[in-house]
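These features come from Swiss-Prot:
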type: BINDING; residues: ARG39, GLY59, ASP80, MET124; note: S-adenosyl-L-methionine binding site
Amino acid sequence: MHQNTNVDPQEIAKFERMAETWWDLNGEFKPLHLLNPLRLNYIDQTAGGIFGKKVLDVGCGGGILSESMARIGAEVDGLDMGDEPLEVARLHALETGVSINYVKNTAETHSQDHQAYYDVVTCMEMLEHVPDPQSVIKACCDMVKPGGFVFFSTINRNIKSYVHTILGAEYLLKMLPVGTHEHKKFIKPSELIELVDNTDLICTDALGISYNPLTGIFKYTPKVDVNYMIATRKVD
């Protein structure tokens, strides 16, 4: 798929509509705020610390992960195709005094002049929102330095993930707006690893994240049957 066509306008519009609530801790993005400390810790620990490292956050949205990485000393570029989320991200960074370079671009186009440029690349909850995940994964691989880390997170595709993520989170618990996810776009871990294997990345770890609706707490789990992250490293 051509680099400029790997964007779903409906997906962009979906997050444009929700942009103004991005930093509302009790709003539509509350799950991302609750989940973010686990993601940040996993990235920082697995990459051997990101302080002083060049990091790219692909599909950064309103900047929740980008800001948290910048706060612990990473030099962060945030990449997204949504005008409203990027505007929210820039404003919030300005208000909080965090230095982040936000760019409107696709991963594929950004990679053209950022070959082997970053120490760490993150692509969280983004692959299930693009027409061609393989194209994004290849671009992420191209942009990370040899020996550098690329992190992906997405949602497994099975009955349990449909019940938890769509019926539960969207319809019953109202944690997310109805229509945030499409089950057919979810990606099985085996499929994601196969896509990774088509590049110079090697999967080094996989970790699940579970949510307890009674306590409102996310935690790590070895089970990758719903939400999961993988760590990959580029071959030297």
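Glycine is treated like the rest: Cβ placed from N, Cα and C.
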When you measure from the Cβ of MET124 (S-adenosyl-L-methionine binding site), how many other Cβ atoms are you left with inside 10 Å? 22
Counting across all protein chains present, how many other Cβ atoms fall within 10 Å of the Cβ of GLY59 (S-adenosyl-L-methionine binding site)? 23
Within 10 Å of the Cβ of ASP80 (S-adenosyl-L-methionine binding site), how many other Cβ atoms can you find? Include all protein chains, please. 25
Spatial neighbours of ARG39 (S-adenosyl-L-methionine binding site) that are distant in sequence (at least 6 apart) but have CB under 8 A: LEU65, MET124, SER153, MET229
Please report the DSSP secondary structure of GLY59 (S-adenosyl-L-methionine binding site), reduced to three states. coil
